[in-house]
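What follows is a set of notes on a single structure, which appears directly below.
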Amino acid sequence: MGPDIPGAHQDFLYYSRYKWRMGQRTNFTGAGRGRLLPLLFLIAAGHTLWVAASPPPGLTRKVFGNLFFLLPYLLAAALAFRAVRGQPQQRRAWGTIAAGLVCWAAGEVVFTVLDLLGRTTFPSVADLGFVLLPVLFLLGILQFFQPPASRLQRLTFVLDIALLIVTFAHLLWIDYVTVSWHTYAGQPLALLLATAYPATDILMIAVALAMALWSPREATRGHNPLLGLGILLFLWGSVGYGTLVTHSHYQVGGWLDLTWSWAAFLFGWAASDTLKPGRRPPLPPRVQAVLADTTALLLPLLPYVAVVVAFVVPLPQPLNGSAHAGSPHLQTAVVAVLALLRFVLTEIHNRRLTRRLDQQARYDALTGALSRSVVQTQLPALAREALVRGEQLAVMFIDLDRFKQINDSFGHTVGDQVLMQVAERLRRCVGPPDLLIRMGGDEFVLVLAQLSELRHAERTAQRVLQALAAPLDIMGERLSLSASLGVACLPDDTSDLEEALRFADLAMYQAKRAERNTWRFYNPQWQDQASERFQLERELKNAVEHGEFQVCYQPVQETRSGRFHGFEALLRWNSRRYGPVPPTRFIRMAEELGLIGPLGQWVLREALQQLKRWRAEGATTLTVAVNISAVQFRQKDFVVSVLAALQAEELPGDALILELTESSLLEDVPASRAVLTQLQAHGIAIALDDFGTGYSSLAYLRDLPVNILKIDRSFIWALDEIGAAIVHSIVSLAHELGLRVVAEGIETPQQLEQVRTLGCHDAQGFLLSRPLLPTEGTAFLRGQRQHGLKDNGEGSCRNTLHTS
């Protein structure tokens, strides 16, 4: 026996009830369908064999001939009603179709009774049931179709239906309608029903065909091909029946009757197909695609086909000289008028579409500013005309600061709202002759025309910065924004507009490097700098593969005991072409090129591998601190990658210290807190690097789980009376919060003594040791173990470019 689980009995009862209900539903939509559809097929196949046997005229032929009609439509109606239960989104469509099938079956019942009694007349009550099927089918299939969105397209769709109706009527007039008018002249009700049969059939097939032409892919999907084929068979039978009845040649049990029984089978199959969950389409996808593409090509040909049919197909001669014989000529004229209207509407639609495409090409859909395409198509001519008139132009390149952070933090919806409001503010900063262009992302360009003096460009730049600095209220969020601007002038800087854009872009990057929320005019000297930067970027991309990077280690000393207990891992680049490149130059470049993530992971792995070797040699409590960039910290798999690197070297979490800047943590405080908490749960310590150079706010220290505070070297180098008071305040706060304090940039014995007196726990700097190569770090540790003294030795990582 199994264990006694509380609530297990109730769970079993609930599960049983659930399975019973699902079983009822499954039986209703699955097993029931599985029985009815094969039965429907057997009846249609049996009808075919019975007709092929050529039963002799008599009562038996009448009974079986009519039953072979009645049963298929009753079964098809049952499947259609089940489709109503199985497909809520198509309930009205299948309900109307089911009603049409029931009406036809009811008409067949009446017709069978009258036929057996020998009282078949035309018209009769049975005809009402027969004629209602195409009407209800028409209302039903319209539910499957999504009408065109625009008023012009809806009018064109109606015109296509009218063209199809008149074209089919023209053909049927020749074979059927003309004869009916002659046969039932003087019998209004008979004439009405005789005309209603082909009229309702024509309307149904015209609407169905128009829907297929307008939505070819939808028409070849799912149950629609089955339903369409069934309608075609039904129409064939109705037209043939009307023709034979008119000439008194129709008899039950003929080959024409098979069109109705097989049409009923196709109707039932279509209804049954909607009940299959995850059903396979009746047509293979490739066949669907071919049919859809072929059907799509036919829609533009519709007016031409209608005109050809109207003018080429011969018209009947009057049967008795009646006025009705002129009706086909009227149909020909109507087809011509409808086709002409269709051509006119198509031309209007094409012109509107051309204007819309031109609008989409010239204007940005989100902001309404001109799109980047006008730089190639419109601006060169504008620049040439301005230069011919002796006017000045200014090109202002605008890049939003920290827009990516807003997008990542609040989502693309908020980001889009920001761009829309920015574009609106930029429009208000310029006049009608000026142009606003969105280059893509968060980059905009203002082209200032008809400048009388360059100071106008300066004033506009200041106005733009002030406008963008105002807070944005978006979806309940109050956001602050700034921008970096670069300005190039024509013809002072260049006479080529594309070159002016490039110069303005270069000036914008200079403004962004100098300080954000500022602007710069283009300086020709920057061109050489840009070329050098391009070469440096190319070298940087290949530096890892060429082994040009190395990790150096600067010792960290405890101020009270003088004991060295850890290293800070520092990345160094010794370029084959440029020699030693300072971190202040290549770190930001690596961030801009998207290399900082892989590079940071490489440094982390290298540092942990070296730490493992040092610990194996006896430095069992040694730690290593690794700097983490903001880009690397924001990566979704950051925590996983750090833990994987520790696990790969079989090191505990307390062997690692991660150093992060204030700005990287404060971009998204809740997310930062969550990441830091995960890291600390594994014993990893968090150090706040360069404290005092970022937001310089002490309040957030209570909100972020950090362990170590590293005072920036700028405070250490200014340890006068005021500087010492600032450091003392920082240290006092850190002690109250239980944080360890590290003083960076110690270069003189006086500085070391001062930070020791102020209460800093640890110190590092060139006085204690320059950054060391791994082999030098090993020798340094051995010397510490042998002599127990701090080492002032200098390693080969030393040079004036290598800063800690």
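Cβ from N, Cα, C; glycine included.
The domain 'GGDEF' feature in TrEMBL is assigned to 391-524.
Per TrEMBL, the feature domain 'EAL' maps to 533-785.
Annotation source TrEMBL lists region 'Disordered' at 785-804.
Taken from TrEMBL, the feature transmembrane segment applies to 34-51 (among others).
What TrEMBL lists as transmembrane segment is 63-81 (among others).
Summarising the annotation, TrEMBL assigns transmembrane segment to 93-114 (among others).
Here the transmembrane segment (126-145) has Cβ contacts under 8 Å with residues 90, 92-97, 99-101, 103-108, 110-111, 114, 193, 196-197, 200-201, 203-204, 207-208, 211, 214-215, 218, 224, 227, 231, 234, 238 of the same chain, all six or more residues outside its ends. What TrEMBL records for 126-145 (among others) is transmembrane segment.
Residues or ranges marked as transmembrane segment by TrEMBL: 157-177 (among others).
Sequence annotations record features per position, and here TrEMBL assigns transmembrane segment to 189-214 (among others).
For 226-246 (among others), the entry in TrEMBL reads transmembrane segment.
What TrEMBL records for 258-275 (among others) is transmembrane segment.
Taken from TrEMBL, the feature transmembrane segment covers 296-316 (among others).
Sequence-distant contacts of the transmembrane segment (93-114) (same chain, six or more residues past either end, CB-CB distance under 8 Å): 62-63, 66-67, 69-70, 73-74, 76-77, 80-81, 83-84, 87, 120-121, 124-130, 132-137, 139-141, 143-144, 264, 267, 271, 274. Of the candidate ranges 63-81, 226-246, 258-275, 226-246 has the most C-beta pairs within less than 8 angstroms of the transmembrane segment (189-214). Taking every recorded stretch in 63-81, 226-246, 258-275 and counting its Cβ pairs under 8 Å to the transmembrane segment (34-51), the highest total belongs to 258-275. In terms of DSSP secondary structure, the domain 'GGDEF' (391-524) contains 58 helix, 43 strand, 33 coil.
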